[in-house]
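Visitor: Questions regarding the structure given below will be posed in turn.
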Amino acid sequence: MNFLHSTLDRLREFTPVSNTSTFRTNGQITPEEFVAAGDYLVFKFPTWSWADASPTSKRANYLPAGKQFLVTRGVPCHRRLDDDFAGDAGHDETVVRDGEDFRGDGPHSPGDDEDGWLRTGGLAASQEARVRDVRTVDESGEMGEREDDEDDIPDMEDDDDDDEAIIRDPKADNASSSRRTYTIYIAYTPYYRTPRLYLSGYLSSSQPLPPHLMMEDIVGDYKDKTVTLEDFPYFSNNIKMASIHPCKHASVMKTLLDRADAALKLRREKQRQGKAVPGSKDTGMEGLVDDFEKTKIGDKKAVLEGLKAGGNGNDEWEVLQHDQDFANEEEEVAIRVDQYLVVFLKFMASVTPGIEHDFTMGV
């Protein structure tokens, strides 16, 4: 199956490039917009940089020389997502397709296809708690009061281990070490007209991480489904990397754009009416970090909850910081096209929560 996907992806790279902007209508971007978004990312976060194809014969003619893809190196990853990473275990799995799926329930509802982001439980229609709320349910089925986060509860066993008393085997297998680093690449895909993320891992000894071991750092729901091992198209030596398939990137981005615009419009309307705006302090990218920490990439239902709630005090979406004022508020948008990759990386992090993507973004 992985071979079939890889073959189809290589054929799709020959798709004619479109230079018509559809960023606001469907979440797709043109090569020119990809370059603008890359320039913004590099300017704001210097750990990112542009790179050229090697050899130059691998260059894509729709991108400038020297700006073929984006790269950041040495991104830390300190934990494996093995069986101890519970996630949403114990819940039914749901395939999330495009945003239209939430408007119909039948087998032929819009967006009905086999592809999509796999979401596991915790978001049924009857669930009243938001994605960040964890509640207990008693024997009668009643939902209890919200409990303290387990991270705030000290563990008695934490004090039992004396690190200095532990005898460590220096010859232990490096492949199982918890310390890894990743090089992250962002390339442009002309078929889907979106960015595509590639991951190349290294062991603590700076030795290349075998491709199959990279899957230890991918959330189990996505392994071999939306994340596969692919050759990086801009290198000649066919280096296998973990790649997040871009088939649904545009629809997810469109959902986020719509939600951010709706929140901005509501805030401006309240400001014109002289009303206090709950949670209106501008936290910029920090709002995005908090919003995506516990929301999975296919969790568009949770994203849409903010719109249905009318932007109340629980809606923690914050507008991106603007570098310039807009003369006409009616044309003001929450996320500009040059800020595309910043938001893109935030929801990509939900696939690889063990990789510290924010290490690359000083927020």
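Here the Cβ of each residue, glycine as well, is placed from N, Cα and C on the backbone.
Straight from Swiss-Prot, here's the annotation block:
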REGION    84-174  region 'Disordered'
REGION    84-171  region 'Flexible region'
COMPBIAS  84-106  compositional bias 'Basic and acidic residues'
COMPBIAS  129-138  compositional bias 'Basic and acidic residues'
COMPBIAS  139-164  compositional bias 'Acidic residues'
ACT_SITE  Cys247  active site, glycyl thioester intermediate
REGION    251-339  region 'Handle region'
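Looking at the shown structure, what environment does each listed feature sit in?
Guide: DSSP assigns Cys247 (active site, glycyl thioester intermediate) to coil in the three-state reduction, outside any helix or strand.
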Visitor: Count the Cβ atoms, other than its own, that fall within 10 Å of the Cβ of Cys247 (active site, glycyl thioester intermediate), considering every protein chain shown.
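Guide: Cys247 (active site, glycyl thioester intermediate): 19 neighbouring Cβ atoms within 10 Å.
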